[in-house]
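S.K.: These came from TrEMBL, pasted as-is:
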SIGNAL    1-24  signal peptide
DOMAIN    58-254  domain 'Plant heme peroxidase family profile'
BINDING   Pro99  substrate binding site
BINDING   His129  heme b binding site
BINDING   Thr130, Asp175, Asp182  Ca(2+) binding site
DISULFID  Cys136-Cys162  disulfide bond
Amino acid sequence: MASSYSLVFLHVLVIFSLARIAFSDLSDDFYDDICPQALPTINRVVEDAIRQERRMGASLLRLHFHDCFVNLHGPTWEVELGRRDSTTASRTTADNDIPTPLMDLPALIDNFKKQGLDEEDLVALSGGHTLGFAQCSTFRNRIYDETNNIDSTFASQRQANCPRSGGDSNLASLDPTPALFDSKYFSNLVSKKGLLHSDQALFSGGETDELVKTYSTNLRTFSKDFSESMIKMGNIKPLTGNEGQIRVDCRKVN
Ligand code: HEM
């Protein structure tokens, strides 16, 4: 059930990320008349991709987040179809706008606020870490810092595959079930087993503790809030109508 949810979600995500036809305004039936085969075709391609490499789902979800925050080319989320590709891509903007795994709660809240997203969006969207993996270099500081809010058994387990030096790209899952869209990411935070410093920051005595607790026992509420926040995130400065372009090769500007 949980995994089929994530599959459907990912399909919707990719359907939009592959959208490349120009009209004004976003709508959920954008392709119904102009390209009725678009959605079934994309479903098939994504299913094949995930069959071959399960982590593809996590990669696509993360790509969506990064694209929305820095206005690169066009993936978006649910309902709103018809966005166009950007003609610019700035590494500096990306570096400045994307939150880092070392951030504390106030910095995360501030970062999301700059994009028009509130604390509830921050917690719900961070739940995207119910899927996928992170490299040792992104969580080393946390598992070796004894002043941190971290379960000691969990810290030693993670240290086994993430030495103090070297092994920078060794992977650990962001929650115990990295291929399932479930609420384990949040119950894990309540047990002080968040992998990234920025994950645990959401449950560290601050104002987001209560919501983390709610999501930790209520997948339905998390799923609903996650979808709503994904739509909100997908609506950050979209290009429509004659803005931007439709890329011939999605890796580069025409
Ligand atoms: C709140 C601020 C966030 C921070 C600081 C953050 C940071 C990170 C970091 C450091 C990684 C590991 C990257 C690596 O080691 O290569 C990661 C992975 C990931 N992030 Fe986030 N992230 C945040 C929010 C989000 C959001 C909003 C989403 C989507 C809704 C998301 C989805 C993912 C996914 C799915 C992965 C796993 C990718 C894979 O396995 O290939 N993250 N994130």
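Positions of Cβ are set from backbone N, Cα and C atoms, glycine also.
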S.K.: Who sits close to Cys162 (disulfide bond): which same-chain residues at least 6 apart have their Cβ under 8 Å from its Cβ?
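M.R.: Listed in sequence order: Cys136, Phe139, Arg140, Ile143, Asn170, Ala172.
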S.K.: With an 8 Å cut-off on Cβ distance to the Thr130, Asp175, Asp182 Cβ center, who else from the chain surrounds the Ca(2+) site?
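M.R.: Neighbours found: Gly127, His129, Leu131, Leu174, Pro176, Thr177, Pro178, Leu180, Phe181, Ser183, Lys184, Tyr185, Phe186, Asn188.
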S.K.: Roughly how many Å separate the Cα of Pro99 (substrate binding site) from that of Asp175 (Ca(2+) binding site), to the nearest whole number?
M.R.: 19
S.K.: Could you find out if DSSP has Cys136 (disulfide bond) as helix, strand or coil?
M.R.: helix
S.K.: Where ligand 1 binds, which of the binding-site residues Thr130, Asp175, Asp182 are close by, with Cβ under 6 Å?
M.R.: none
S.K.: Hey, of the recorded positions listed (Cys136, Asp182), which one tops the CB count within 10 A?
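M.R.: The residue with the most neighbouring Cβ atoms within 10 Å is Asp182.
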S.K.: Pop the Cα-Cα gap between His129 (heme b binding site) and Asp175 (Ca(2+) binding site) into the table, whole Å please.
M.R.: 7
S.K.: Tell me the Cβ neighbour count for the residue listed as 'substrate binding site', meaning other Cβ atoms within 10 Å of its Cβ, over all protein chains shown.
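M.R.: A 10 Å sphere around the Cβ of the residue listed as 'substrate binding site' contains 18 other Cβ atoms.
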S.K.: Suppose we draw a 10 Å sphere around the Cβ of Asp175 (Ca(2+) binding site). How many other Cβ atoms does it contain, all chains included?
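M.R.: Taking every protein chain into account, the count is 23.
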